[in-house]
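Novice: I have a structure I would like to understand better, so I am pasting it below and will then ask my questions one at a time.
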Amino acid sequence: MDNRVAENVLGTLGAVCWSVQLIPQIVINYRRHDTEGLQGSMMLLWATAGVPLGVYNIVEEFNIALRIQPQILMTLSLITWAQCLYYGKKYRIMKCCVAVTSLLLLFGGIEAGLIFALQAAKRRGLEWPLILMAVLSACLLAAGVLRHYWDIYVHRTVRGISFIFVGIDAAGDLFSLLSVLFGSTISALGIIIYGTELTLWVGIFICGGIFNLRPWIKERSEQRNGNLQEPVSLHPMPSSTSVFRTASASQVTERRPWQSS
């Protein structure tokens, strides 16, 4: 399956999605002035994953869009992580800026060094370093999302994360996966990287349907029938007025009737 135009178009669409995926989350964090429920460790894991993913995509000579994609992921992830520090841990803004800038320089330097090293290894016929980069990036990306699965298990709700962000990210993974499939040579590792991430995001959507959407629909139905006795679902939710934006931790606590006094 060799279609260079389709490969480039799909890769570009994937890069565009990854370029804007975290922007809805960043905006929601800013409006809430709160990041409760959003896992800072996920953002840091994603930023770290951008290093081996960038190395792999560049050394494997994927299309330009897929080469840029990990750099965008790294930058936006660190910005979101800085919000977790600022709003969640109450760090001073200057301290957050220094942390983000330092990590960007560190990650950029490591990535550049690894690119030259792995290009030399590839010329000598060594394949295992590239395989290591692919596996490492897939593990870090998956670990970041799995951190939210644990939070869902503990709190029985999808909280602190924007479903708009989830949808855009899943679309980016899908387009990137298709771009790899349309390449001149199909990369099994590329399929694993983007396929794993896409599967995990679909799981988040399913959890959102079970724990967030279903109670919201039930409440709306009870409101229409005039049988609502007490608010137990996603209302009121001043910072997240749509079911497609999840409540922060404080709001989740407030809406649990067995926790009320």
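Positions of Cβ are set from backbone N, Cα and C atoms, glycine also.
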Novice: Need the matching range: TrEMBL marks transmembrane segment on one of 12-30, 240-258, and I'd like to know which.
Specialist: 12-30
Novice: State the residues, same chain only, that lie 6 or more residues beyond the ends of the transmembrane segment (42-59) and have a CB under 8 A from a CB inside it; answer 'none' if no residue qualifies.
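Specialist: Long-range Cβ neighbours of the transmembrane segment (42-59): 66-67, 69-71, 73-74, 77-78, 80-81, 84, 103, 107, 110-111, 114-115, 118-119, 122, 130, 132-134, 136-137, 140-141, 143-145, 147-148, 189-190, 193.
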Novice: Which of 12-30, 130-150, 162-182, 188-211 shares the most C-beta pairs under 8 angstroms with the transmembrane segment (97-118)?
Specialist: 130-150
Novice: Are there residues at least 6 beyond the ends of the transmembrane segment (12-30) whose Cβ is under 8 Å from a Cβ of it, and what are they?
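Specialist: Same-chain residues near the transmembrane segment (12-30) but 6 or more away: 38, 63, 65-66, 68-69, 72-73, 76-77, 79-80, 83, 87, 161-162, 164-165, 168-169, 171-176, 179, 239-240, 245.
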Novice: Using a Cβ cut-off of under 8 Å, list the residues of the same chain at least 6 residues beyond the transmembrane segment (130-150) that approach it.
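Specialist: Hits for the transmembrane segment (130-150): 39, 41-43, 45-46, 48-53, 55-56, 59-60, 70, 114, 118, 121-122, 158, 161, 189-190, 192-193, 196-197, 200-201, 203-204, 207.
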Novice: Take the transmembrane segment (188-211) and find every residue of the same chain, 6 or more past its ends, with a Cβ under 8 Å from one of its Cβ atoms.
Specialist: 53, 56, 60, 62, 130-131, 134-135, 137-138, 141-142, 145-146, 148-149, 152, 156-158, 161, 163, 166-167, 169-170, 173-174, 176-177, 180-181, 246
Novice: Who are the chain neighbours of the transmembrane segment (162-182) in space, where the CB to CB distance is under 8 Å and they lie at least 6 residues beyond its ends?
Specialist: 1-3, 6-8, 10-11, 13-18, 20-22, 24-25, 28, 62-63, 65-66, 69, 190-191, 194-195, 197-198, 201-202, 204-205, 208, 243-246
